[in-house]
Amino acid sequence: MMGRERAVVLLAACLLLVVVGVAGNFNEDVDIIWGDGRGKVLSDGQVLTLSMDRASGSGFQSKSQYLYGRFDMQIKLVPGNSAGTVATFYLSSQGSQHDEIDFEFLGNASGEPYTVHTNVYSQGKGGREQQFRMWFDPTKDFHTYSVLWNPNHIVFYVDGTPIREFRNRESMGVAFPKSQAMRVYGSLWNGEDWATQGGRVKTDWSQAPFAVSYKALAAAGCTSADAAACARSNGKWMTQDLDKAAMDRIRAVQANYMIYNYCTDTPRFPQGPPPECSANN
């Protein structure tokens, strides 16, 4: 086995971690907000499924809003030919100047890998995409996707492994989500115009209905309407940082599994990348 192949295999083995959290109950914690019956809560509130057919997808939102916190969700993605489908787990506020922290899961033709798409919006501005392949088949079982959000940074995790950090670079003039409370959302919708191979592969509606399953939502964050009070919160998520080992894991994942990074997209930014890119976000 070549050196790089061996490194990838060893990394994948190290990444198969189990994340344990205190799970909520979907009957108590979320509202299904669209889909005309395509979203269902099952197993006494322990599982939520979203489905999509040609007429509509579906989605839910948390009852609570949060300003900073740690958010974990176990998800099993659409199996088989999922081309054109987009499943999501994200945080968002409302309005044209909204903040948003995204996990989007872009389906693919049978046998082709999913793309995990991440993005951060602040004051209505996004365009900070990083995309990854996973080191497992996300359709075979549930895997845990997590967001840590505090005044210092936003961290994306998969099965407890950090894959991306977006640090607060307000000192460089980069807006950072810090004053708008956000709800937790999940959805399944048709993104065939862009989601799979840049829109070249369309949704095969003969495979509908498509379905994604969620369980074990664990949301620990500040629910006060007072942004100043949330900034003084003593929740452990407020001071959680990444040590050297965690940063090494991010670098390893990005070296082996990242397929797109806005910071290195020279044609997109001919005058140079956004300022946070020079600070190793």
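Using the three backbone atoms N, Cα and C, a Cβ is placed for every residue, glycine included.
Per TrEMBL, the features are:
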type	residues	note
ACT_SITE	Glu100	active site, nucleophile
ACT_SITE	Glu104	active site, proton donor
DOMAIN	20-214	domain 'GH16'
CARBOHYD	Asn108	N-linked glycosylation site
SIGNAL	1-24	signal peptide
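When other Cβ atoms within 10 Å of the Cβ of the residue listed as 'N-linked glycosylation site' are tallied across all protein chains shown, the result is 19. Other Cβ atoms within 10 Å of the Cβ of Glu100 (active site, nucleophile) number 18 in total over all chains.
Cβ-based neighbour count (10 Å, all protein chains) for Glu104 (active site, proton donor) stands at 20.
In this structure, the C-alpha atom of Asn108 (N-linked glycosylation site) lies 25 angstrom from that of Glu100 (active site, nucleophile).
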